[in-house]
């Protein structure tokens with residue numbers, strides 16, 4: 001009996017958990033700067049955000065997060081938005097609730113709107129006029145991780161983003177990493193115009209193909225963006241290029257010095273060899289310890305070698321050449 005009781009307790013708790021709405025909502029009271037949680041009810045398979053007669057009149061904001069949108073879809077539970085109540089809020093946060101079109105709540109954007117968070121929904125198209133209104137009013141707007149698609153329907157928005165040239169060019173890489181920041185520094189788009197998660201250059205070509213007929217100016221802007229992107233990419237490589245060029249110059253200088261030294265060495269050796277054998281002089285160097293003395297002999301062939309190693313100032317005697325020997329011989333004859 002105890003096991004059966006425990007089984008039914010777990011079964012009942014599981015069914016109760018599935019019946020409970022998978023949405024957590026809070027309202028914000030600006031007087032004490034506090035968020036208060038309130039329950040969301042399902043009426044006729046429909047959830048209305050914000051809920052009727054649940055939020056006090058002095059609430060300044062609404063925040064709802066759908067924890068299990070798959071559960072709501074499987075059970076055919078739809079979400080409707082009460083735009084008449086939304087107009088009274090300055091802070092609207094509807095996260096992960098499967099919103100497919102921003103126009104569902106755009107009618108509830110009042111002039112006092114100061115914050116809009118629609119992250120993790122299923123937005124595919126953002127109307128140009130709605131986004132322009134949010135940006136002009138300097139409203140912090142978070143639209144990232146949606147499913148915005150390429151195509152003609154988003155051409156006005158695409159053109160608007162390209163016109164944000166100063167900011168857009170600076171954040172071009174981040175744009176393709178699912179983020180773009182507008183000039184008011186408060187509006188962010190993540191995963192904008194996914195195009196099947198195409199890389200940056202393919203995205204430009206793909207989206208431009210759809211929008212060039214309606215906005216011819218896009219072609220010029222895309223070329224500017226591409227050139228700017230390439231310039232920014234190359235700027236990051238400048239230090240490496242400088243280092244590589246410097247290393248190349250040093251290695252070339254080293255090789256040049258080595259080559260110059262080898263050439264000079266070879267040239268000096270060749271010059272020394274020529275001066276030793278082909279100088280044209282007839283003087284034969286003698287060993288200092290042995291000289292010839294011609295004081296007592298008239299003829300060179302009868303000269304006697306004398307040892308002068310003991311004398312400090314021993315004379316160095318000139319040795320006659322072969323021609324001189326021939327002349328002396330002819331004289332003798």
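Glycine is no exception: its Cβ is also placed from the backbone N, Cα and C atoms.
The signal peptide feature in Swiss-Prot is assigned to 1-31.
Per Swiss-Prot, the feature N-linked glycosylation site maps to 32 (among others); the stated evidence is sequence analysis. Taking Cβ-Cβ distances under 8 Å and a sequence separation of 6 or more, residue 32 (N-linked glycosylation site) has no neighbours in its chain.
The topological domain 'Extracellular' feature in Swiss-Prot is assigned to 32-239; the stated evidence is sequence analysis.
Its own atom aside, the Cβ of residue 39 (N-linked glycosylation site) has 11 Cβ atoms within 10 angstroms in the protein chains shown. Mapped onto three states, the DSSP output places residue 39 (N-linked glycosylation site) in coil. Here Swiss-Prot flags 39 (among others) as N-linked glycosylation site.
Applying an 8 A CB threshold to same-chain residues 6 or more apart, the list for residue 44 (N-linked glycosylation site) is empty. Mapped onto three states, the DSSP output places residue 44 (N-linked glycosylation site) in coil. Annotated N-linked glycosylation site per Swiss-Prot: 44 (among others), in sequence order.
Applying an 8 A CB threshold to same-chain residues 6+ apart, the list for residue 76 (N-linked glycosylation site) reads 45. Residues annotated as N-linked glycosylation site in Swiss-Prot: 76 (among others).
Feature annotation from Swiss-Prot assigns N-linked glycosylation site to 82 (among others); the stated evidence is sequence analysis. Listed in sequence order, the residues of the same chain lying 6 or more apart from residue 82 (N-linked glycosylation site) and placing their CB within less than 8 Å of its CB are 48, 49, 50, 52, 108.
Counting Cβ atoms from all protein chains shown, residue 101 (N-linked glycosylation site) has 15 others lying within 10 Å of its own Cβ. When secondary structure is read from DSSP and collapsed to three states, residue 101 (N-linked glycosylation site) falls in the strand class. According to Swiss-Prot, the feature N-linked glycosylation site maps to 101 (among others), an assignment based on sequence analysis.
Under the heading repeat 'LRR', Swiss-Prot lists 112-133, citing similarity to another entry as support. The average pLDDT for the repeat 'LRR' (112-133) in the predicted structure is 81.
Residues or ranges marked as N-linked glycosylation site in Swiss-Prot (evidence: sequence analysis): 181 (among others).
Positions annotated as N-linked glycosylation site by Swiss-Prot: 185 (among others).
The C-beta environment of residue 237 (disulfide bond), restricted to residues of the same chain at least 6 apart in sequence and closer than 8 Å, is empty. Sequence annotations record features per position, and here Swiss-Prot assigns disulfide bond to 195-237 based on similarity to another entry.
Swiss-Prot lists 219 (among others) with the feature N-linked glycosylation site.
Per Swiss-Prot, the feature transmembrane segment maps to 240-260.
Look at Swiss-Prot and you will find 261-333 tagged as topological domain 'Cytoplasmic'.
Counted with DSSP, the repeat 'LRR' (112-133) comes out as 6 helix, 4 strand, 12 coil. Below 8 angstroms of C-beta separation, residues 61, 63, 89-103, 106, 139-149, 153-154, 156-157, 159-160, 190 of the same chain, each at least six residues beyond the ends of the repeat 'LRR' (112-133), sit close to that stretch. In this structure the alpha carbons, written CA, of residue 39 (N-linked glycosylation site) and residue 101 (N-linked glycosylation site) are 25 Å apart.
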